[in-house]
There are 6 protein chains.
Amino acid sequence: MSLDFRLVDPLIRTALDEDLPWGDVTTESLIDPNQENELAILLKQKGVIAGLSLMERVFKTLDASMSWNPLQQDGDYLEKGTILAKVRGNAQALLKAERLALNFAQRLSGIATLTHQFVQAARQGSDSVRVVDTRKTTPGLRYLEKYAVTMGGGFNHRYSLSDSILIKDNHLAMIQSAGRSLSKAILTARQKVPHTIKIEVEVDRLDQIPEVLEAGVDAILLDNMSNEELIEAVALIDGKAAAEASGGVTLERIAGIAATGVDIISVGALTHSGPRSTVSGDSQRSALADFSMV
Amino acid sequence: MSLDFRLVDPLIRTALDEDLPWGDVTTESLIDPNQENELAILLKQKGVIAGLSLMERVFKTLDASMSWNPLQQDGDYLEKGTILAKVRGNAQALLKAERLALNFAQRLSGIATLTHQFVQAARQGSDSVRVVDTRKTTPGLRYLEKYAVTMGGGFNHRYSLSDSILIKDNHLAMIQSAGRSLSKAILTARQKVPHTIKIEVEVDRLDQIPEVLEAGVDAILLDNMSNEELIEAVALIDGKAAAEASGGVTLERIAGIAATGVDIISVGALTHSGPRSTVSGDSQRSALADFSMV
Amino acid sequence: MSLDFRLVDPLIRTALDEDLPWGDVTTESLIDPNQENELAILLKQKGVIAGLSLMERVFKTLDASMSWNPLQQDGDYLEKGTILAKVRGNAQALLKAERLALNFAQRLSGIATLTHQFVQAARQGSDSVRVVDTRKTTPGLRYLEKYAVTMGGGFNHRYSLSDSILIKDNHLAMIQSAGRSLSKAILTARQKVPHTIKIEVEVDRLDQIPEVLEAGVDAILLDNMSNEELIEAVALIDGKAAAEASGGVTLERIAGIAATGVDIISVGALTHSGPRSTVSGDSQRSALADFSMV
Amino acid sequence: MSLDFRLVDPLIRTALDEDLPWGDVTTESLIDPNQENELAILLKQKGVIAGLSLMERVFKTLDASMSWNPLQQDGDYLEKGTILAKVRGNAQALLKAERLALNFAQRLSGIATLTHQFVQAARQGSDSVRVVDTRKTTPGLRYLEKYAVTMGGGFNHRYSLSDSILIKDNHLAMIQSAGRSLSKAILTARQKVPHTIKIEVEVDRLDQIPEVLEAGVDAILLDNMSNEELIEAVALIDGKAAAEASGGVTLERIAGIAATGVDIISVGALTHSGPRSTVSGDSQRSALADFSMV
Amino acid sequence: MSLDFRLVDPLIRTALDEDLPWGDVTTESLIDPNQENELAILLKQKGVIAGLSLMERVFKTLDASMSWNPLQQDGDYLEKGTILAKVRGNAQALLKAERLALNFAQRLSGIATLTHQFVQAARQGSDSVRVVDTRKTTPGLRYLEKYAVTMGGGFNHRYSLSDSILIKDNHLAMIQSAGRSLSKAILTARQKVPHTIKIEVEVDRLDQIPEVLEAGVDAILLDNMSNEELIEAVALIDGKAAAEASGGVTLERIAGIAATGVDIISVGALTHSGPRSTVSGDSQRSALADFSMV
Amino acid sequence: MSLDFRLVDPLIRTALDEDLPWGDVTTESLIDPNQENELAILLKQKGVIAGLSLMERVFKTLDASMSWNPLQQDGDYLEKGTILAKVRGNAQALLKAERLALNFAQRLSGIATLTHQFVQAARQGSDSVRVVDTRKTTPGLRYLEKYAVTMGGGFNHRYSLSDSILIKDNHLAMIQSAGRSLSKAILTARQKVPHTIKIEVEVDRLDQIPEVLEAGVDAILLDNMSNEELIEAVALIDGKAAAEASGGVTLERIAGIAATGVDIISVGALTHSGPRSTVSGDSQRSALADFSMV
């Protein structure tokens with residue numbers, strides 16, 4: 001999968017507008033407008049890289065004639081010190097673009113790296129379980145963050161509220177406050193929505209599973225269950241729907257969850273805590289990557 | 001300081017477009033369009049809250065007649081379990097808005113809480129040092145993230161490349177690659193830019209300080225120096241410019257840095273690692289706040 | 001389902017910009033800016049109405065203080081001469097808005113009426129078959145046109161290329177040109193996409209069905225088959241996937257197709273030939289509805 | 001006249017956003033991102049083609065390096081089976097673009113073909129009469145639809161409410177409700193508007209013509225008159241203004257109307273019922289053109 | 001005529017974005033967010049006011065609850081010291097809005113005042129001559145500037161290149177460079193454009209007039225002619241087309257030009273030298289550069 | 001400094017939309033779409049040119065293949081009759097672009113020329129004084145107009161309300177209406193805003209200067225003072241802050257003001273009366289209206 005820049009360019013534009021509302025007073029007063037330089041992009045911490053083509057796009061948005069030489073590719077797991085790419089062109093444009101390019105790439109690489117860690121850990125418990133993301137993404141960056149999850153070896157859950165039914169706790173509470181049952185609600189929903197839409201339902205008790213299966217669903221989200229409950233839930237579901245574990249999934253717990261036999265494990269932390277995975281105790285931690293002049 | 005929604009509404013709009021490209025198939029097929037409910041917003045982890053008015057704005061964007069009852073205010077340090085606000089209105093609109101409202105507020109509150117922790121820690125070393133942010137913000141969210149820093153008791157550094165001169169390592173490298181000196185460059189810059197613009201210069205060696213002071217600057221960024229070097233740097237600067245420490249600033253180190261006498265400590269982690277501060281080992285960590293039906 | 005004006009307002013805005021780039025020279029030079037009038041909206045041809053709230057929105061975009069009194073509602077099947085609504089307000093605003101309001105409502109009502117006719121005809125052959133739309137919609141109006149289909153008693157197919165897999169003839173041709181088989185392609189696709197995504201495959205020969213079923217799909221689109229072939233296809237599929245008939249579906253043929261036992265009949269004409277359904281031989285045919293002063 | 005893509009690109013963008021909100025799950029999971037193919041665009045029904053350069057623009061918006069080889073040109077009357085163009089390039093881009101390209105071209109070609117039919121029919125009655133469009137266009141597509149009318153041999157009426165005065169029935173009703181006369185209103189209008197603006201007035205009775213001519217107008221719209229009335233109207237007008245027939249114009253009636261001596265015949269059906277012209281009884285009717293792999 | 005804010009709001013938005021990219025550091029750090037004040041708007045120089053409702057819109061864009069009390073109205077000729085309006089509301093919003101409100105109103109009032117002066121002067125030579133504007137407007141502000149011209153008692157010429165034909169010197173030069181004659185070109189144009197479009201032709205020699213009249217035009221622009229030539233031109237035209245004088249029109253010359261009997265005098269200075277309103281001087285000074293064909 | 005077209009392209013787009021909402025009816029009906037011509041751009045009045053690259057951008061926006069041959073450069077002082085540039089390309093595109101290109105360049109060159117005159121005049125009184133602009137710019141054109149000031153040898157003041165503190169008369173009035181002192185307000189402001197922000201305060205009496213200096217500011221704006229007062233103010237300030245003279249600055253007065261020893265002279269007329277450049281007269285005339293607190 002490659003990035004569709006039609007979806008990304010407005011974000012680059014917004015970000016340039018906020019960082020360069022009317023020019024770069026430092027660069028424009030210091031650097032000869034005709035000077036050229038080359039920057040190397042160094043990885044300062046090991047991990048999975050994501051966003052190389054996005055960095056290229058940022059540089060070329062500032063100066064279309066910039067030359068970009070990528071030495072690695074998105075999804076690669078790389079060691080600290082690796083040179084990711086070299087970029088050569090107008091010195092003013094390089095200086096104006098570097099921070100934004102890093103702000104994008106560090107965030108995406110953080111997500112990819114954390115996803116990779118969860119996937120590796122999950123493999124200890126299951127060869128086939130999917131680690132998937134959630135809708136807990138940064139407002140405006142969902143497309144990029146879901147891309148980063150796939151670069152780290154994860155899978156995407158639904159993209160938005162429009163493309164799949166997921167009946168969650170607050171839906172259920174509101175349905176019941178109106179005096180209706182869950183199974184009736186599921187049937188109603190299926191009669192209304194396009195035949196191309198799947199239905200998933202969140203349950204937090206085992207005794208809800210038979211009713212839900214009866215009503216007919218494509219997947220069941222098992223929320224905040226213990227591993228023992230998950231094992232029982234998988235047995236109850238028995239292949240009649242996909243089983244998704246969710247809630248409280250940590251790097252420490254995920255192998256155990258995977259071993260329960262669920263098909264899918266969703267991890268909100270992939271996107272809402274992404275950068276964390278890539279920072280450690282040392283002082284450079286925020287700089288997953290940085291530029292240095294060649 | 002209150003949020004200027006002229007600057008925020010386009011972001012809310014973008015976020016709604018990505019989460020609701022053509023409707024909420026779950027809610028619209030399940031919930032009566034005329035049903036009303038009330039949700040309470042609970043804090044699931046202690047910390048500083050930021051973004052209450054933004055949550056209100058999200059709900060009212062979905063349904064202008066929504067009633068919003070805030071029980072706390074931005075900048076408050078609150079205990080787990082506190083009810084932040086109640087919101088009552090059309091049930092479909094509540095369900096469509098809740099995730100986006102949380103995505104915003106959790107991020108901002110994470111930043112405010114982490115800033116608060118850095119400020120508290122810095123107070124151990126100095127009563128007056130400013131903890132400030134950087135340009136390492138999420139693309140598109142700078143205005144909101146800088147607001148969150150102030151809610152946590154921090155201060156803002158420059159907003160963008162347009163409003164202040166900061167001569168950094170790559171500028172210096174490029175100036176020197178063109179055969180010019182730093183002090184000459186500073187003088188040139190001052191002659192060109194508006195008289196309303198301040199000049200700050202990054203140094204990473206003590207011996208650069210006299211040259212920089214001689215050229216005349218408003219602030220000096222002391223990059224990645226040890227506390228001993230910082231003490232010496234403060235003595236060399238001697239009040240002729242503001243002294244800013246930067247690089248490798250952790251919660252553990254900040255009191256020591258503050259005690260060196262610097263005026264300002266900039267911490268990139270405030271914004272690029274914000275959410276991290278608010279997550280702990282338990283399974284609910286991602287939910288700084290959550291909704292539950294009243 | 002009610003219209004989400006967040007998705008519609010940009011279209012109203014675009015349409016006003018094209019019809020009123022700098023004012024209405026007729027109205028502004030003739031009508032007193034403070035004059036008020038009332039218009040009644042009359043149905044000039046029997047059919048299903050769709051777009052009443054959209055008309056209201058157009059009028060209120062021109063003048064927020066306009067009073068709108070709807071006498072019917074979307075989805076109603078109404079006789080020629082029925083008054084749909086009355087609208088009262090500033091005379092200049094009424095005159096500026098009327099054509100655009102009609103342009104929207106006539107198109108949507110045409111689609112709703114044609115859909116209604118197809119659904120009525122299909123009921124002769126089956127009580128449960130779904131009549132669904134396609135992606136053959138007017139560029140920019142998909143959301144509205146799919147809404148109109150539901151007002152006519154039809155159902156929607158997938159909304160876009162993003163939310164559901166539909167492997168069509170050109171996909172197959174390209175897959176085969178690359179030396180791969182359809183069943184292999186289906187398996188690959190399922191391994192890549194979110195677990196929330198359904199897979200449908202277009203076939204035009206009966207002998208493709210077993211392979212497709214074997215690979216595992218949620219629905220099979222039976223393209224341009226005779227009724228005899230459809231009957232055989234339904235038998236082959238045997239409930240293991242949804243059966244969708246498509247291609248060459250006319251008002252005359254649809255009862256026969258419905259009687260074959262397929263679950264779904266998709267009709268491109270619903271949206272690409274919508275207005276046709278509502279025009280007859282007389283001279284007023286284009287005016288499904290029109291305004292007259294009260 | 002060639003299309004000005006400055007006016008069309010926003011529409012292409014909107015249409016891509018609605019059809020590809022975050023990617024094409026089918027194509028991206030099935031087709032090698034580096035595969036290339038060629039498609040031929042075949043006319044499936046005889047008629048006048050319009051929108052070839054627009055199709056090219058759609059393909060190149062998806063992939064700027066696409067090669068486009070047009071074999072016909074807009075305005076040509078072509079037989080079923082004609083190859084309109086060939087397009088070669090990235091297979092994923094071809095598949096993503098084809099439906100949108102067809103949605104545009106089928107609509108425009110439908111309008112061009114229907115216009116051609118009206119023009120041909122009108123030629124039976126008059127060598128010089130103009131067949132013109134109206135403001136009954138699809139919201140957002142006016143520029144394209146008016147272009148298509150000219151490709152079919154028709155002429156445009158005014159573009160918008162801003163560029164020409166046309167006093168219609170509802171204007172007259174409102175003028176009279178305010179106690180003013182039509183001739184007074186015409187004089188007032190002429191005194192106010194730029195000298196570059198023409199004035200046309202709609203009448204539905206012959207006895208209105210002398211008053212209107214007296215007041216001085218550039219054109220008179222003769223609404224829903226019989227051919228006999230039109231002949232009398234033309235005599236009354238006697239070249240002092242352009243005579244435009246409007247209302248109830250069908251393919252059957254237009255020759256007769258043309259023979260009355262009017263200068264202009266306006267036909268709302270050109271744009272609001274466009275696609276109809278190109279559909280016939282067979283099952284392929286909706287596909288004015290279609291793609292097939294070369 | 002009142003302003004249509006649909007056309008103005010984007011400009012207010014753009015202007016606020018450029019003046020308040022992320023807040024007003026002065027006001028927000030000095031003024032209590034809940035403080036209220038009232039401002040009076042005083043005229044500091046006599047003249048015609050234009051833009052009062054625009055000022056109101058600017059204030060209300062900053063704070064919808066602002067109260068606006070207009071004491072005069074657009075088009076009034078007022079003495080220095082007159083209070084135009086009072087505005088009361090949030091003190092921060094008042095301070096943020098005042099400069100932008102003035103920037104708009106001063107420009108529009110300058111144009112209205114200058115137009116008024118030209119109209120008054122022209123009345124010395126003719127009771128009926130129209131003083132009209134040109135397309136020499138500020139990019140982005142045409143709608144507002146043409147409004148201001150009418151407030152000063154002037155009339156508008158065509159709005160844009162789309163709504164009226166005006167064949168100017170460079171058109172003629174290019175037509176002739178292609179070996180065609182002006183009269184042939186006029187005929188061709190009339191055959192192509194909508195019947196609602198008028199045709200005006202620029203001539204700079206008397207001997208061109210008969211040819212142009214022969215070809216049939218609605219107006220003739222008499223460019224840079226002496227009063228003697230204008231008198232002769234008016235005689236030649238003899239009411240068969242409108243006669244427009246243009247070029248070198250100053251406050252001193254305009255009465256003489258008006259007295260020649262032309263119908264229209266166009267004055268580029270109305271908009272391109274608007275603020276000058278209150279300035280006198282020669283007429284060509286604003287045309288720093290112009291095109292002429294090689 | 002070169003123009004950043006990211007900031008200018010939206011303005012070109014807006015301006016094309018207002019001048020060419022749906023085409024150029026003159027050019028498109030007269031000129032062969034394949035014809036090519038060349039235009040030379042002549043200076044019709046001596047002065048400083050600004051906006052050459054902007055003209056190029058306008059032409060290339062209409063036709064990317066246009067060839068542009070600049071013969072002079074921005075900031076040059078040139079004699080009447082100088083050829084500024086030649087542009088060759090599609091004749092239709094040349095004709096569509098010329099007016100907009102001129103509208104931009106004439107305005108910018110007017111500003112540059114007037115700035116040049118003020119700077120030359122100021123040099124009679126001081127070798128080092130800066131002539132600076134204000135926020136009295138055309139809404140939407142600030143970036144371009146501030147660029148033009150620098151091309152004329154002037155300097156920019158702050159760009160917007162966001163980047164520098166300037167406490168003006170209305171701020172002071174509102175502060176005092178709330179019972180607070182100026183010096184207290186200055187201290188409060190400094191404690192709140194980023195350390196990168198300078199503080200300037202407007203005073204209109206000499207006795208305010210010691211209090212302001214005491215509070216600590218970076219610059220003092222001396223409003224509407226006589227030359228004698230300015231001399232005294234400079235002595236009082238004594239280098240502890242920058243001294244800026246403002247108000248009533250004319251070409252006649254500026255040398256005298258410069259000779260008082262102030263560092264900066266701000267001239268609103270540079271941008272709000274730009275075209276005047278070539279016009280002389282008194283300095284206050286452009287301020288038709290202003291605010292004063294009730």
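Cβ from N, Cα, C; glycine included.
Annotations in TrEMBL come from automatic prediction, not curation.
Positions annotated as substrate binding site by TrEMBL: B:ARG99, B:THR134, B:ARG135, B:LYS136, B:ARG158, B:LYS168, B:GLU202, B:ASP223, B:SER246, B:GLY247, B:GLY248, B:VAL267, B:GLY268, B:ALA269. The domain 'Quinolinate phosphoribosyl transferase N-terminal' feature in TrEMBL is assigned to B:24-109. What TrEMBL records for B:111-274 is domain 'Quinolinate phosphoribosyl transferase C-terminal'.
Overlay of TrEMBL annotations on the structure.
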| residue | record | Cβ neighbours (10 Å) |
| --- | --- | --- |
| B:ARG99 | substrate binding site | 19 |
| B:ARG135 | substrate binding site | 21 |
| B:ARG158 | substrate binding site | 24 |
| B:GLU202 | substrate binding site | 22 |
| B:SER246 | substrate binding site | 22 |
| B:GLY248 | substrate binding site | 19 |
| B:GLY268 | substrate binding site | 19 |
Where does B:ARG99 (substrate binding site) sit by DSSP, helix, strand or coil?
helix
Restricting to the domain 'Quinolinate phosphoribosyl transferase N-terminal' (B:24-109), what is the model's mean pLDDT?
95
In terms of Cβ proximity below 8 Å, which binding-site residues out of B:ARG99, B:ARG135, B:ARG158, B:GLU202, B:SER246, B:GLY268 neighbour chain F?
B:ARG158
Near chain A - the binding-site residues B:ARG99, B:ARG158, B:GLU202, B:SER246, B:GLY268, filtered by Cβ distance under 8 Å:
B:ARG99, B:GLY268
Residues in the domain 'Quinolinate phosphoribosyl transferase N-terminal' (B:24-109) grouped by DSSP into helix, strand and remaining coil:
36 helix, 24 strand, 26 coil
How big is the substrate site in terms of the longest C-alpha to C-alpha distance among B:ARG99, B:THR134, B:ARG135, B:LYS136, B:ARG158, B:LYS168, B:GLU202, B:ASP223, B:SER246, B:GLY247, B:GLY248, B:VAL267, B:GLY268, B:ALA269, in angstrom?
41
